[in-house]
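Asks: The structure follows.
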């Protein structure tokens, strides 16, 4: 008991020291390296980039893949900009297919057709939040993900799964963990990378880079978060596809 | 370990008078006719604290909770001890006053738990409505869909009264209601043959896994804690209370058991470590992963159950019944909380809502977060202290029979 309390205090002291230590840096929305790569790869993306493009990316997602009133500043647009910058000479196009208020099951069946029509090399499938809010049966969710990923693969696209946003104000009202875990499970079984938006945003909130609690109106916070997400996602795609973009990266730093 | 959890029988020994003197300023628990097992109260109090902390958003204190170090968490402790105490109290009632009286008292308890759940639901509804309608952050337009269920209050509220619609974190009490509802029958069988009851319970658990038995929830899915699976832990607790622990004491105290338990706990610890430190994932064989995951909380995964057993065995071994620390004033708050479990559980859930509300509306900093956790625990302790005081005061004035009932309720507390 006493040692427990003591260790809690130590943890507190250490972490507050850590926070004060980094607060004098500019807030750079850094993401640790392990969240920016995956054991799974994006082989089609790699070969398309090697062949000089064009790299067609399709983002399929719910309302959190856009910002109402500022669509041009949502993460898919930022992703396109960042990839064009990092892959000079390769034409990159990012399209968005919004599926608001649809569960993974609602979306999964149509994914194959969608990709065939658009000839996408890579599909970023952002899903899970609607399922979590409606507490869709977890097995149904997992099967829907599995069906969707299989359809996308069969249609000839690489897949990146993206999980929910971290939303501290509703954290105790919507239970996300089971959905996040099951997405990771499907990803592991199908050997598909997961862009862990939830953990990334949790870290930003903990480290004080964004005050995600803010109930403030206006889109400026959303714009900044999306800008960071878009950049992180571009790095994730490049690392996961094992594309050697070391030179432009090095120049940037 | 000889002094297994065969409480009730003993009499408060040496520790008694000494602690009375030392704790003079602190409220003493009323001395029941038979000795209380302070370890049970202690561990249940501990579980209540952990449940409170786990219901708050992630924060520093969350790292002290056991779910980060193994498969099982506070829910297992809570359900097991509740089964244990329920069997002690209502088992005695059944022996002394017959099935009807004991069943009636159990049902009264069920009613109390049900009412407590509905009160918490109302508070939750108030909070969620406020938060969702006051927030206009365009980042989270989607998350505000949590209010959609209020568009059909006629359906939703009826479903809530039927315990089918339960917002997040409100699953433990409905599980409790379900477990207690069938407890008279369990106890009846157990009085005839404890082993038979446990075997039936394990059989039901097996059937649940084979055929996917579950209770439907609203709007879809199933109960988060499947009562058909979790009853195993509850009945196992009851079985231990009614002599099972004594029977197992030989096995429990053997060094082989202890080393198996320790090895298993280490394995579980390492596995959970790989969740928090993904870099370690490379050292976890792929086959082991496929075999283990997902670790199913809804149906009380065997891995979780075994983890709880291993924890319990080691706790019994290293926390002796007459450990002097049990009467120390430092542990008194935990023990007091454990003695009023239903009330403290509800207060804990309420405080978690309130804390969440403060964090969401005013400030979300880590320091505030930490303070809220600590304040919440202090409030829980203070409340437990008041309950003890009240019980003692009213117990003195009341008739003998009444106070005996009161004590039973206190211990059976149940929740």
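Quick reminder: no glycine exception, Cβ is built from N, Cα and C everywhere.
Here's the feature list from TrEMBL:
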| type | residues | note |
| --- | --- | --- |
| TRANSMEM | B:77-93 | transmembrane segment |
| TRANSMEM | B:113-132 | transmembrane segment |
| TRANSMEM | B:172-189 | transmembrane segment |
| TRANSMEM | B:196-218 | transmembrane segment |
| TRANSMEM | B:224-244 | transmembrane segment |
| TRANSMEM | B:256-277 | transmembrane segment |
| TRANSMEM | B:302-320 | transmembrane segment |
| TRANSMEM | B:341-360 | transmembrane segment |
| TRANSMEM | B:366-390 | transmembrane segment |
| REGION | B:396-415 | region 'Disordered' |
Asks: If I count Cβ-Cβ pairs under 8 A between the transmembrane segment (B:341-360) and each of B:172-189, B:224-244, B:256-277, B:366-390, which range comes out on top?
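Replies: Answer is B:366-390, with the largest number of Cβ pairs below 8 Å.
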Asks: With a Cβ cut-off under 8 Å, give me the same-chain residues at least six positions beyond the ends of the transmembrane segment (B:113-132) that come close to it.
Replies: 144, 146-147, 150, 160-161, 163, 166-167, 170, 173-174, 176-177, 180, 342, 346, 349-350, 353, 356-357, 360-361, 414-415
Asks: Considering pairs 6 or more residues apart, do the transmembrane segment (B:256-277) and the transmembrane segment (B:224-244) have at least three CB pairs under 8 Å?
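Replies: Not in contact, no.
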Asks: Same chain only, please: residues at least 6 beyond the ends of the transmembrane segment (B:366-390) with a C-beta under 8 Å from a C-beta of the stretch. Say none if there are none.
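Replies: Residues 26-30, 45, 48-49, 52-53, 56-57, 59-61, 333, 336-337, 339-340, 343-344, 347-348, 351-352, 355, 358-359 contact the transmembrane segment (B:366-390) from elsewhere in the chain.
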